[in-house]
Amino acid sequence: MPYSTNKELILGIMVGTAGISLLLLWYHKVRKPGIAMKLPEFLSLGNTFNSITLQDEIHDDQGTTVIFQERQLQILEKLNELLTNMEELKEEIRFLKEAIPKLEEYIQDELGGKITVHKISPQHRARKRRLPTIQSSATSNSSEEAESEGGYITANTDTEEQSFPVPKAFNTRVEELNLDVLLQKVDHLRMSESGKSESFELLRDHKEKFRDEIEFMWRFARAYGDMYELSTNTQEKKHYANIGKTLSERAINRAPMNGHCHLWYAVLCGYVSEFEGLQNKINYGHLFKEHLDIAIKLLPEEPFLYYLKGRYCYTVSKLSWIEKKMAATLFGKIPSSTVQEALHNFLKAEELCPGYSNPNYMYLAKCYTDLEENQNALKFCNLALLLPTVTKEDKEAQKEMQKIMTSLKR
């Protein structure tokens, strides 16, 4: 409604109100004394007027009836405010109507929808055909969502891809690989930070073909863990953690004696716990420890497992008394460990793979610092300086060791 029309409407209301007032004055002059006339109450218009009512009448010294014109002005102001709000709402609706048609084009562009058909694999063509049927973006952490993303129930698969697409460069032509070549390629790609996203996309492009292969399943779950680490958005991290956990749980059910399935289930339980309350954190902590121990029995020569076990022990050793008490109240037992136990696991990782990682050296330095063995702490800080800094975790570990070295040299 144009602003000029608003003005005309308000002016009309004011003229009408003035006319009613004159009519009332005329009526009171000709009516019999003592007869009162009541004005009807205004009906509530939602909560806008807060049930504003007109008082019946009052008389001045000469007995002349005076209508509460202030009330009338308040009502007019409310009407004007309502009309203004309606105009703003109409403007917002108009904006949305213009924006919505562009949304599909934007999404398809982000997903590589402008790539010509002859350059897209059959898997991608099927994916693009389903895109117009998508009506909403699924971001819940339900198991159904995870099954969909993993390729085991495909109804919502494209919705997930639409929610958190990987860079467009990886949505180009898909190279069909056999299982052995695919596994070798994704293992090689994830050795670098930049290759992890490509590794994830490569696995996702082959999920329909190798969905029932155990070696594929646990690597796909691992890739979701990689995407969790790479993401900086909380909702994306939660999305990747929950789907990865469900995929790794399914892998365990299919292959309970495969240590990698237990390893990545433990890791993803740890990631999921970051978004939970205290009770669920403790519950996931028990799951982490349980499946990590199983994985160590099945893969006794895997240094990563001992590094994770060391981190668990170190974290538990640092729990406050109140945190341990709450855990005992909720679960009937207190998680317990010591710095010495953590140190043992970190040393085991170093024994299996000398120079295993910057973070492992950092925790070795922390353990020795806590045990007041400063020379050993400095030794591992210096060894860490010889290692390349590749990942974000490496960089954070280097910064922490610089702090440790500074504090030890004081």
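Any Cβ shown, glycine's included, is placed from N, Cα and C.
Of all ranges given (25-67, 68-110, 240-282), Swiss-Prot attaches the label coiled coil to 68-110.
Between Thr133, Thr139, Thr232, the residue that has phosphothreonine written against it in Swiss-Prot is Thr139. Tyr152 is the residue among Tyr152, Tyr284 that Swiss-Prot labels phosphotyrosine. Across the coiled coil (68-110), the model assigns an average pLDDT of 67.
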